[in-house]
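According to TrEMBL, the protein has these features:
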type	residues	note
TRANSMEM	A:6-31	transmembrane segment
TRANSMEM	A:43-64	transmembrane segment
TRANSMEM	A:70-88	transmembrane segment
TRANSMEM	A:100-120	transmembrane segment
TRANSMEM	A:126-150	transmembrane segment
TRANSMEM	A:171-190	transmembrane segment
């Protein structure tokens with residue numbers, strides 16, 4: 001139990017998916033203008049990454065490892081994830097309209113495909129089982145949500161600042177991310 | 001033949017994926033902790049890009065339009081797997097330092113972007129040269145960024161000490177490395193500077209009345225301009241027809 005908690009804290013905060021692994025940068029920069037939308041995006045990412053980690057891990061343990069096909073991981077994972085994101089959207093639209101209305105607009109934007117695939121690959125690389133993989137996926141996505149919500153909060157304030165012209169737009173956001181990354185590096189002593 | 005040379009020039013200079021188009025930024029930030037990692041990642045991506053352009057161009061009349069993106073993804077993922085094995089077998093140290101960013105070449109915007117916008121519409125030879133040009137452009141960019149970070153962060157270039165380090169104990173004056181540049185935050189700062197310089201350059205061109213190329217990709221601010229099928233979340237065409245009907 002203790003190890004699982006450490007893995008979760010490690011993925012959520014210490015090795016933050018955006019700020020130290022650079023995965024999911026596109027939505028991090030694109031959907032972080034307002035706290036509300038950033039939080040919506042965060043919840044959608046948690047939803048998708050948790051399901052994706054579970055499914056890719058089940059496939060890996062039940063099929064790929066059992067039949068000695070681990071070399072097919074990259075191909076299988078990317079196709080499963082691509083299909084899954086689309087399927088989740090269709091399923092939500094038909095059977096969970098309230099949830100779809102809240103998160104639907106973010107699902108096609110789950111440009112986090114690189115984060116989703118990154119988490120799945122991390123899970124197999126560290127040899128996590130199905131349960132730990134799912135928790136690790138959830139924790140990683142929570143880390144993404146923490147980062148994007150903080151970023152959105154800062155950006156709402158940056159709006160009113162006087163920024164040199166070449167730095168307006170994504171440049172100042174990247175400088176801010178760099179400063180956040182320094183702050184998050186401080187957590188490396190936690191585990 | 002002219003067309004091939006034009007493609008090379010286009011990829012390396014005119015539409016350089018990193019410096020001009022600002023696409024494929026995730027691996028750019030993650031692996032450029034040193035110049036040698038930059039070269040390794042750049043060349044691996046080039047290899048995948050050349051062969052994916054070749055195969056996709058060859059198969060462009062066979063792959064049906066509705067199965068286009070999944071088809072491209074399978075081709076790219078297979079090539080990435082091959083490259084992964086080659087690196088693991090022949091350059092294990094590079095394989096270890098690039099880690100999961102090698103399989104992540106699959107989701108690199110440049111590869112699917114070139115497949116969609118060039119290789120699937122053009123003959124084989126120009127497509128190969130397009131892949132070589134874009135790949136080398138990416139390699140050059142990664143190596144430059146890696147070199148800057150390595151020099152600032154460690155005073156080294158390709159692993160050799162080029163700036164003599166200061167040694168306070170011996171009372172020797174010299175260069176004090178800014179370690180932050182080889183760590184994660186440094187990547188953000190370097191990229192921020194790159195974008196700021198580019199913005200200033202574009203602004204200067206605009207003032208002179210010269211044409212400015214439109215940016216595509218993640219830093220253009222909207223995902224719609226992206227050619228990458230995996231980015232739009234609409235890889236498979238199943239169900240989209242039904243969605244259209246719902247709208248009607």
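Placed from the backbone N, Cα and C atoms, the Cβ positions cover glycine too.
All TrEMBL annotations are machine predictions without curation.
Keep in mind that this is a model prediction, so the values were computed, not measured.
Panel annotation: around the transmembrane segment (A:171-190), residues 9, 13-14, 16, 18-20, 28-29, 32, 147, 150-151, 154-155, 158, 163 of the same chain, lying at least six beyond its termini, place a Cβ under 8 Å from a Cβ of the stretch.
Most Cβ pairs within less than 8 Å of the transmembrane segment (A:43-64), among stretches A:6-31, A:70-88, A:126-150, belong to A:126-150. Residues 47-48, 51-52, 55-56, 59-60, 64, 107, 110, 113, 116-117, 120-121, 124 of the same chain sit 6 or more residues outside the transmembrane segment (A:70-88) yet have a Cβ under 8 Å from a Cβ within it.
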